[in-house]
Amino acid sequence: MSPASPTFFCIGLCVLQVIQTQSGPLPKPSLQAQPSSLVPLGQSVILRCQGPPDVDLYRLEKLKPEKYEDQDFLFIPTMERSNAGRYRCSYQNGSHWSLPSDQLELIATGVYAKPSLSAHPSSAVPQGRDVTLKCQSPYSFDEFVLYKEGDTGSYKRPEKWYRANFPIITVTAAHSGTYRCYSFSSSSPYLWSAPSDPLVLVVTGLSATPSQVPTEESFPVTESSRRPSILPTNKISTTEKPMNITASPEGLSPPFGFAHQHYAKGNLVRICLGATIIIILLGLLAEDWHSRKKCLQHRMRALQRPLPPLPLA
């Protein structure tokens, strides 16, 4: 085997590794609504797609009816009913498209009159007792959503006959706070009522300070959080943590995973290129040494060769 063979073999392996790394599936971006995915009619909202650095092209699309824009954000100056629905985004690097982002549900609120929210038997509850929060709508809606200020999740109950009950079993200090509810029809899941007036639940016997009145921006909604809570006794739990959060405040930094993957790929490329250069230099040195050795051997053989006999006088 010639000295250059291992060099080209190592170069081939390195280049193949780089190609495999770069041709794998691109990580999915994140899609966020700013300031919130709950948008009152007439208000503005920005949908922003965030991916890794140096993206060639972004695509932001609305599902059903399908339409898209080749940009990383969508500004809606005035929220209308037609803007509500499911959105997702993706990006392109070279000839490869990324996986689509998680779907974001953009909700139009204030489409219908607000429901009323009350606590029974009272909004002042002794610790350890039970209380039921009742959300009642003037319309025959079959879906109700309850929010607690400070919680990122929501509690959803499919009900009929204009109202829904949200029982809280064995009240603790964690249940104190400000609540409000929405109502809507399952046939139009992205068109919600206006929020109810806030209800402050006070757990007596505790030195807890009531929370401030919430705003709609405090309540991000995700596809997972709008599903019914999986609780055996249908009680509200403030310890439940959501799986995903699609709405976020202004100025959120890009996800760490994208930068980490991009940095790792860049490191791998640099390491392979550095190793390739070193291997090439070693191969050239070995080939030069081999050539010099052969030349020296030829000279030695020439010196050791017997001289021809002298011609006879």
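Just so you know, glycine gets a Cβ as well, placed from its N, Cα and C.
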Of the candidates CYS10, CYS89, CYS135, the one sharing a disulfide with CYS49 in Swiss-Prot: CYS89
Residues flagged as region 'Disordered' in Swiss-Prot, choosing from 21-44, 213-236: 213-236
Candidate cysteine (CYS135, CYS272) that Swiss-Prot pairs with CYS181 in a disulfide: CYS135
Secondary structure tally of the domain 'Ig-like C2-type 1' (27-105) (DSSP, helix then strand then coil): 3 helix, 41 strand, 35 coil
DSSP-derived helix, strand and coil totals, residue by residue, for the domain 'Ig-like C2-type 2' (115-197): 3 helix, 41 strand, 39 coil
